Amino acid sequence: MATGWGSLLQDEQQLEELARQAVDRALAEGVLLRTLQEPSSSDVVSYAPFTLFPSLVPSALLEQAYAVQMDFNMLVDAVSQNAAFLEQTLSSTIKRDNFTARLFNIYKQVLKEGIAQTVFLGLNRSDYMFQRNADGSPVLKQIEINTISASFGGLASRTPAVHRHVLNVLSKTKEAAKILSNNPSKGLAQGITKAWELYGSANALVLLIAQEKERNIFDQRAIENELLAKNIHVIRRRFEDVFEKGSLDQDRRLFMDGQEVAVVYFRDGYMPSQYSVQNWEARLLLERSCAIKCPDIATQLAGTKKVQQELSRMGVLEMLLPGQPETVARLRATFAGLYSLDMGEEGDQAITEALAAPSQFVLKPQREGGGNNLYGEEMVQALEHLKDSEERASYILMEKIEPEPFGNCLLRPGSPVRVVQCISELGIFGVYVSISACHVPPNPTTTIAILTERERRKLTATEHEM
Ligand SMILES: Nc1ncnc2c1ncn2[C@@H]1O[C@H](COP(=O)(O)OP(=O)(O)OP(=O)(O)O)[C@@H](O)[C@H]1O
Ligand SMILES: [Mg+2]
């Protein structure tokens, strides 16, 4: 696995000049974030952090990640349609994790009253790192799959031009030409378009559930712009707006400010801090509606760390994807070690192993948005504290992936240009639309999983993030 930019990293003066050029090109291309100081306004913006040089990805692993994305789309869909599996898998977690429990309560409530929409839109991102096998060959290992608010599709569409620019400045035209084009925002917009068409009302809108303070707005605008070019209008509203002004008619059609909504696209609602009492009410209203949700609450639950851990248990993939041994093998090949911390022998064993070799494990709560995982000494302290308490069931343990570090410059506003050791993560976006053959009945075992294979195959876009 070639990983470095070698002697190019030695010349400090050249790096500084390159960085100036790269930053200007990033600004010109629209690799932008709002500032920390003014997260609600686009009056002053800066560039989103990026690496000066592109990160190298072994082509075989990129191909593998593309190929398995279709399988992950199928899997997420299968999990989200399997109420018995979700209920059983999350039963211990929801006793101890209030956030997952609240999501689950909404799920149960809409299941009970009957799900109003048969079309489901999935826009997910599967994240990977590369690790070396004992024999030295590189392998792809999944970190996790994000089923709600998977971001950076928009900005990642614009970074190839920046990296080509850097290499062209260095007269490395051959290398520049090797940088693949990338356009996830187009694929994500295609998915929303398909869902909007299936909803079948020419005047209905896409409702993007947005945060008030949204630094990453340009990432979202890239998708909005694609939609507008197809004459599909997007309105951005907060949960608070939905609470105040959203309503359902007698057919459970969703209206916002008097306009009918065909598709709800969540770029909020994945963390506990994003929910007030009113926001939970608004989420329930949206879930009860017959607008197509991206994701619906079941698909959000399918993306929890606990589900990820249970999927790695022998026999589970086979149960969810019966008669598809090759799909199962492709999926399983990307799994790292994942361990339940539920009370009992299995969980005790996992804790003993993690305490004996802390550098080989990561402790993960059921959270999204980064910064919640525990490593090393912090993990040890948490495990010591948790090990005799049922609270441990709200976490999982994961094998720590050890990618090879390589030198690069991380460019971020206000930071000096210097070479640091980096590790990279590859995110592959997956897009699918599935149609449940009937309104979901109260008994989940009779849910018909779908006439949609052809539909999904046609639609599945696989684009890489970085
Ligand atoms: N098993 C692992 N081995 C090594 N690093 C890991 C592992 N799991 C997670 N990480 C690191 O922690 C980061 C966050 O982990 P993860 O994606 O599971 O959490 P998250 O809160 O869902 O993050 P995100 O905001 O990216 O969805 C990853 O991007 C990766 O850098
Ligand atoms: Mg995540």
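Including glycine, each Cβ sits where the backbone N, Cα and C put it.
Automated prediction, rather than curation, is the source of TrEMBL annotations.
Among GLU346, GLU353, GLU368, the residue that TrEMBL places alongside GLU144, ASN146 at the Mg(2+) binding site is GLU368. Only GLU144, ASN146, GLU368, of the binding-site residues GLU144, ASN146, GLN220, GLU368, TYR375, LYS400, place a Cβ under 6 Å from an atom of ligand 2. Checking the binding-site residues GLU144, ASN146, PRO365 against ligand 1, the ones whose Cβ sits under 6 Å from it are GLU144, ASN146. Close to PRO365 (ATP binding site) in the fold, though at least 6 residues off in sequence, lie ASP97, LYS305, ASN372, ASN373, SER394, TYR395, each with a CB less than 8 Å from its CB. Across the range of the domain 'Glutathione synthase substrate-binding' (205-302), the DSSP-based residue counts are 41 helix, 26 strand, 31 coil.
Shown in sequence order, ARG125, ASP127, ILE145, THR147, ILE148, ALA150, TYR270, GLY303 are the same-chain residues outside GLU144, ASN146, GLU368 whose Cβ sits within 8 Å of the Cβ centre of the Mg(2+) site.
Each residue in the domain 'Glutathione synthase substrate-binding' (205-302) has a pLDDT score, and their mean in this model is 97.
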